[in-house]
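Visitor: Okay, handing you the structure first.
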Amino acid sequence: MIFPEQLRKGDSIAIISPASKIDGKLIDGACRTIESWGFKPVQSEFCKGECGSYSGTLGQRLGDLQKALADKSVRAILCSRGGYGAVHMLQHMEADMWQADPKWMIGFSDVSVLHAASFRAGVASLHASMCKCLAEQPDSESSLRILDILTGGKPEYIIDGDSHNHEGFVKGTLSGGNLAVLSGLVSTPFDLLKGGDIIFIEDVAEPIYKIERMLYTLRLNGALERAKGLIIGQFTDWKANLEYSTMYDMVADMVRDYKIPVAYGFPIGHVDRNLPMIEGAEVELEVTKTSARLKFL
């Protein structure tokens, strides 16, 4: 796995909108935060654009991504938001796009598509908060952890335990993201979940039965059997059903037979505390009933 170089004062961070359109004020706010970090924000041509529900046509969004990847002065690329639409670009992404000049790709949710493309090319990326967080919560842990990683930090996260936790210790390669997005890439060349040993997942506004269906896809595909460890992030705005009163109860049933460490309740996803995860990093995962520890090596 290739790790992009750490950023230094004065380096440029490009902002692109690879999926849904965004309120331009959030981009402006994120730019102020980037400047306060000592970096130069570079707004792509169509990052504030509008084309139906998207920020631009496929050609415009793809062009912004390609230009940012090719620009030698750009050392990281911040996606403005998720939503939907990044998948449109996958068939146009070749490995050399990412490998020629590796740089940090930052984002989550629908941006999991771009993490999958980067991982396939063998380049690490950063599953982390985007413009809304940087604009509205510049001093939050979610924002400051991004800065730490971009400048060479290797975080260690320790969170409280959960009654659903499966205890254990494992080392491996980390990969994951939004479950709905990644389950749609299963058995394609961009299947992110077949590459990592330790998988993390999160999602938003999905009923329990749909998440269960996605997990069955991972079970039948062999992703769960191959995994050495699981990190269950935040599932927000979910809808209960008659079979399960909570999302984690259902997930626990789905993974009960796998003798691997499973950490529940990790602060990853569509929540204020969204800890950055380095896709492709080697990590240690230690899970007990009272805590879970994830250390980047």
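Placed from the backbone N, Cα and C atoms, the Cβ positions cover glycine too.
Note: TrEMBL annotation is automatic and uncurated.
In case it's useful when we look at the structure, here is the feature table from TrEMBL:
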- S109: active site, nucleophile (ACT_SITE)
- E202: active site, charge relay system (ACT_SITE)
- H270: active site, charge relay system (ACT_SITE)
- 13-128: domain 'LD-carboxypeptidase N-terminal' (DOMAIN)
- 171-285: domain 'LD-carboxypeptidase C-terminal' (DOMAIN)
Visitor: What is the interatomic distance between the Cα atoms of E202 (active site, charge relay system) and the residue listed as 'active site, nucleophile', given in whole Å?
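Guide: Given the Cα positions, E202 (active site, charge relay system) is 8 Å from the residue listed as 'active site, nucleophile'.
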Visitor: List, in sequence order, the same-chain residues at least six positions removed whose CB sits under 8 Å from that of H270 (active site, charge relay system)?
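Guide: Expected: S109, E202, V204, Q234, T236, D237.
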Visitor: Taking 10 A as the limit, how many CB atoms besides its own sit near the CB of E202 (active site, charge relay system)?
Guide: 27
Visitor: Helix, strand, coil residue numbers for the domain 'LD-carboxypeptidase C-terminal' (171-285) per DSSP?
Guide: 35 helix, 35 strand, 45 coil
Visitor: Is it possible to list how many residues within the domain 'LD-carboxypeptidase N-terminal' (13-128) are helical, extended or coil according to DSSP?
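Guide: Split into helix, strand and coil, the domain 'LD-carboxypeptidase N-terminal' (13-128) gives 50 helix, 25 strand, 41 coil.
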